[in-house]
Amino acid sequence: CVFSLTEYKLSVSPEMDIMEYCRKEWRGNTPAAKRMRKGYEAVAQKFASIRRIRGDNYCAFRATLFQALSQATQLPRWLQSEDFAMLPENLLSKYDWIKQWQLRQKPGKRMGEISDEIKEYLILLRKKWKNISEIKGPLEKQEACDKLFKNEEEEYSLYEALKFLMLNTAIELYNAEKSGRRVPVFSWLLFARDTSSNPCQLMHNHLNHIGHSGGLEQVEMFLLAYALQYTIQVYRLYKYSTDEFITLYPNDPEEDWPVVTLITEDDRHYNIPVRMCQETVL
């Protein structure tokens, strides 16, 4: 697809019929193109439209957060905690290595200097989530989400908040396993990697690079889901006709976690399906 300059800069592009999008993107007769078309046809049984997400290594964050806010009707419990905004200060008092945290906007600054800014980002996340969840009309709610994701400074501040929440969740899981408590399987996989055998390595080698030189890896999608306490359902189109076509992060979600749905063609870039078909709603 050829996008105009203005449209290309949009974080979340306007709706497009899902099969029309598929026909433009996958015209050939290669096995890959046929598989993608079959995958899109399956998604079109549930959703009418697709919105393209800007691809800049934050697309997993962008797609997940946009979907979560679009359907938010209340503030999640973990955002209601009185200690929520104190998270940077509390973690820094226990783990000196968190001073090596890197901000996207200020790559030269250390965490000791920016903990107040992380605190502001967490407060911003709570404020935006609360404001949008209180909007009753679906059109007004959608307009508020669109407006938020056109404000680049606020948008990237929210992603910094999400990354920090992922670090906090990783620390909690790591400590739980070390103390002999039960942890989800993905936590073992997360810390089994040579590059992230503990939360400090995870921060240095992965979280600090998200949005700069890379996006979220598969195991980090689980971590994002746990940090948000949301089930992330993903149509993985290149896995069409296999058991992995629809993948859940986590694959054993809590029953009361809300569900957001994404689409990926390659596990690197994510778009979002919108407008659930009427028979599916019923």
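Glycine residues also receive a Cβ, built from the backbone N, Cα and C atoms like all the rest.
Per TrEMBL, active site is recorded for Asp56, His269. What TrEMBL records for Cys59 is active site, nucleophile. The site 'Linear diubiquitin binding' annotation in TrEMBL covers Glu244.
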If you measure between the CA atoms of His269 (active site) and Glu244 (site 'Linear diubiquitin binding') and round to the nearest Å, you get 17
Expressed in Å to no decimal places, the gap between the Cα atoms of Asp56 (active site) and Glu244 (site 'Linear diubiquitin binding') is 25
If you count the other CB atoms within 10 A of the CB of the residue listed as 'active site, nucleophile', including all protein chains displayed, you should get 23
As a whole number of Å, the Cα atom of Cys59 (active site, nucleophile) is distant from the Cα atom of Glu244 (site 'Linear diubiquitin binding') by 21
In all the protein chains shown, the tally of other Cβ atoms within 10 Å of the Cβ of His269 (active site) is 18
For Glu244 (site 'Linear diubiquitin binding'), the same-chain residues 6+ apart in sequence with C-beta under 8 angstroms from its C-beta are Arg236
Around the Cβ of Asp56 (active site), other Cβ atoms found within 10 Å total 13
